[in-house]
């Protein structure tokens, strides 16, 4: 039986003789035209360590596709480095790159009638971009995560890239020596691989195991390790089998499997960006999913992993402790996982977990049983109030001050806020408001890791609030509220905040409130004028014109 269900449209018949001529130039033989064409969407790049180790994974996938009697077709996908672009205009391209990656993969797979696709990616937006494409295409596909970086070390202290961001604030506050500042800088990132805590890349890749679109154990492997290469090869082999069975992403990505994915995100203390990305993935898969669904999952799934940024350990520690399968098995046994959901292997998630022990190993303190959960409820909360009528996203577990009321310190751009923080003009009790940074206003919802890390480095992480219509890095922790909707650019209440206004952030009541009376707000609203777009041409202008609100995933199509 031939499995070239799609590629036959480009390789078969008299009219396709010119096509075959071009394939012969690529080294194809006559019998290859009856084999499935499998795309390898290769995100390798020397822009960032997150993607610098992907070529060997792509090569392994290519070899495995050939060994499975299919034709690999390699094409590139772009990336930017969130970590390097952080705090610059380049960060505005981060979320935009999610859409560009999805569009690139869709374009190549559809334009070439590929029968399946292996997506290989590393940096933060590679994961949602690839999964959005797979959900849109509904062509057999699998995600191969590039793997995590190993932790750095300086004077016996484990480091991640966030250590370097926080060192900026510590150094400028006089709390760190020049030697230690440079030591952290040089040693925070010792290998290839994505940022090591349960930040955005590891959050999304971990959730893909639960979603059923990546192989178990694959998300917590370190990029330099041979097992990561072996996993890439096995992923490609599994994908060819999925092509033969015609097992498609929408057979796997359902409301129930998204609930599984979000449950793992809650259990592991994952990134706020996952809220935005799963709204977009669900939209691409035509699954009914809203921000209220995150709140529903949060209330029933506890945090059972002690992982950075708010915890102690990194992804390699999680891997040694049993990885995501151990987390999944604990959730399954507790009735917090849909065990009947299909995975890319053709087996259910329950079948995949049958050999995983029900109790985590006693010689580790990364993963905890349900009855010893770190927090009884999840950490990613949806806050609402007159400052975020359509919702905002916050991490609320582990806060020493879960309720804060203070004066607004208002900034219409990130650099002004950084100058105020590093210039010691922010005080305990202040609430920073960074606005005009939403999907349309930024545009692109840039992440605010630089200012939040600087605040932490200054020793104000537990005493200063932070509100934005932009995003936060997966490495952010503290009293931070992002994704405020409606955003300032479209006239959301955040645009009406004035310097010194009283604001309340209440993690108990899930409240984000501007303490200004309705009459005054009405007066301000009548006087407000929408600013001119920051960009009038290029990809940022396109994104600003097309992007939906943050509470709808900031999708463009």
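Quick reminder: no glycine exception, Cβ is built from N, Cα and C everywhere.
Lifted from Swiss-Prot, the feature list:
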BINDING   50, 123, 195  [2Fe-2S] cluster binding site
BINDING   82, 124, 125, 447  Mg(2+) binding site
MOD_RES   125  N6-carboxylysine
ACT_SITE  473  active site, proton acceptor
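DSSP assigns residue 82 (Mg(2+) binding site) to a helix.
Around the Cβ of residue 123 ([2Fe-2S] cluster binding site), 29 further Cβ atoms fall within 10 Å across all displayed protein chains. Cβ atoms within 8 Å of the centroid of the Cβ atoms of 82, 124, 125, 447 (the Mg(2+) site) belong to the same-chain residues 80, 91, 94, 95, 97, 123, 200, 201, 273, 473, site residues excluded.
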